[in-house]
Amino acid sequence: MLVLYGHSTQDVPETNARVVGGTEARRNSWPSQISLQYLSGGKWYHTCGGTLIRQNWVMTAAHCVDRTMTFRVVIGEHNLSQNDGTEQSASVQKIVVHPYWNSNDVSAGYDIALLRLAQKVTLNSYVQLGVLPQEGAILANNSPCYITGWGLTKTNGQLAQVLQQAYLPTVDYAICSSSSYWGSIVKKSMVCAGGDGIRSGCQGDSGGPLHCSVNGKYTVHGVTSFVSSLGCNVSRKPTVFTRVSAYITWINNVIASN
């Protein structure tokens, strides 16, 4: 059984991840990170992260846009509660969810969506495109990565106001799919990272990037998907990400045809 936006006593995946055990990111040090926000009662609220991949396209998790809402993207953001002077916002004009996504079964994979913005954002030192990996690229076990987001800073806690980052080394598929970790819930189309019981993603980080250092350059290898419903930072339950390198062709095709 899988839980979306809820809690269960069983150890099942729960979407909505956020950063636990992290530190405040240096201002605008992750310039492809976006805040996905929804409109409610005349105010905008952060719900998920995402990555700017073209000037008018954002990559996020499918489960972030399951519900019909008015969304906008804010980029160049650092502190959600104040105007940093570097932000740009754009309304979401079109949402393209992966055709195989099933909101009742996040463990099947395909937790990825692309958002076309109503206008192009301007690139500058605060706003940059995320670099995506090559199709099929698989990271070695214990590769150095960082998760970033404004998600909860502890299980059942509060959203972070300033962007957080946490070091989450990858856990390869052989280990992550073993019975003492996630078992068969994790698929080859996913990336696992963390699992030390201290640092993790948590609610509100979902859809955001896993930045991995490859040849000295940060590449977005993951889209934050789910954590254990027992808590965000559970030992041997790494944060699970959609593996971006499994979807490069799909991403390029969607952008080309829209």
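In case you wondered, yes, glycine gets a Cβ from its N, Cα and C as well.
Quick caveat, the model's predicted, so the values are computed rather than measured.
The disulfide bond recorded by Swiss-Prot for CYS202 reaches one of CYS176, CYS192, CYS212, CYS232; that cysteine is CYS232. Of the listed cysteines CYS145, CYS192, Swiss-Prot assigns the disulfide bond with CYS176 to CYS192. Note: the Ca(2+) site is recorded as GLU77, ASN79, GLN82, GLU87; in the same chain, VAL74, HIS78, LEU80, SER81, ASN83, ASP84, THR86 also have Cβ atoms within 8 Å of that site's Cβ centroid. The shortest Cα-Cα distance between CYS176 (disulfide bond) and any of the recorded positions HIS63, GLU77, ASN79, GLN82, ASP111 is the one to ASP111.
Under DSSP, CYS212 (disulfide bond) is assigned to a strand (E or B) in the three-state scheme. The Cβ of CYS64 (disulfide bond) has 27 neighbouring Cβ atoms from other residues within 10 Å, across all protein chains displayed. Cβ neighbour count for CYS176 (disulfide bond) (all protein chains, 10 Å cutoff from its Cβ): 24.
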